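**Student:** First the structure, which I've put down as structure tokens, then a few questions once you've had a look.
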There are 2 protein chains.
Amino acid sequence: MDPVDKFRRTSYKLTKPRLVILEYLAKQKKPRSVREIHQQLNRERIDLVSAYRNLELFKELGIIFEEKMNNQSYFYIADKIHHHIICSKCRLIECFPCHNEIIRLKNFSSINHQLSMTGICNKCSSRKEKR
Amino acid sequence: MDPVDKFRRTSYKLTKPRLVILEYLAKQKKPRSVREIHQQLNRERIDLVSAYRNLELFKELGIIFEEKMNNQSYFYIADKIHHHIICSKCRLIECFPCHNEIIRLKNFSSINHQLSMTGICNKCSSRKEKR
DNA sequence: TTTCTAAATGCAAATAGTTTGCAATTAAAT
DNA sequence: ATTTAATTGCAAACTATTTGCATTTAGAAA
């Protein structure tokens, strides 16, 4: 479902910052850092703090997902949580499903997990280094 | 092998900050944040910056491992990289092996990954909430 | 449509983790 | 014991994130 519609079903006010953040994220094909999100919304003069507060809210409402990479928070909209691998060289991102079932820990319940991955994509490994 | 001995095999100087950091980490049963490490070494008057620089060095030398959780870096000494799950209530930590083989991504090589998990341990879930 | 108000915003400043530059110190080679 | 490149500690910068508060505003009520 459209994230804006999802939000309308809550009792929270649909403000301009909320609208533009959701619309921006809905267009993205990969997770975006708070800074990226904020910079893209420059023309709307939306405060960085509002971005933080609303991203946190959207996450709690289950409208967006958070992924932490390199000690920073990234956010994305998707039907379900999944993972991302990023090429360390060209920043290509590939998504892959989250196999919760791989995790069997009998001593814990209500498990949350956070997986982030980097690698070198095939294109980059076949490319000759410039000297 | 003893981490200090491992370090002696390198060409780096074995200084007091390096020695105490390695000795401290060797005693720990779970990953420790830079702040925890630094605070424990208070009596030795070791600078936080030295902790950062040396932890980074130890990591590059393969003497310690880094695990990022909650937008912070944690470090631990172990025979091999593995993962940790932390109880959100009592902070109990359980280790579990890293099954690299679970990850099959044909478009990437040289994969690095970072998994962190939280959950509620059995003891905490059976414990009645205080009012 | 206007009024009202709790919710939300923007701004300033605080907090926390990490990094950088540099003069003073020191491990270890000679 | 001397020497010096490596390392340290300190100050300060930088980045991500959070908090407090006066102002603004979405949307309910009149």
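Here the Cβ of each residue, glycine as well, is placed from N, Cα and C on the backbone.
Residues annotated as Zn(2+) binding site in TrEMBL: A:Cys87, A:Cys90, A:Cys121, A:Cys124. Among the features that TrEMBL reports, Fe cation binding site is placed at A:His113.
Quick one: where do these features end up spatially?
**Tutor:** The Cβ of A:Cys87 (Zn(2+) binding site) has A:Ile93, A:Thr118, A:Gly119, A:Ile120, A:Cys121, A:Cys124 as same-chain neighbours under 8 Å, each 6 or more residues away in sequence.
When secondary structure is read from DSSP and collapsed to three states, A:His113 (Fe cation binding site) falls in the strand class. Around A:His113 (Fe cation binding site), taking its Cβ as the centre, 17 other Cβ atoms fall within 10 Å, counting all chains.
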**Student:** Of all the binding-site residues given, A:Cys121, A:Cys124, which has the fewest Cβ neighbours within 10 Å once its own Cβ is left out?
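**Tutor:** Counting other Cβ atoms within 10 Å of each of the binding-site residues A:Cys121, A:Cys124 gives the minimum at A:Cys124.
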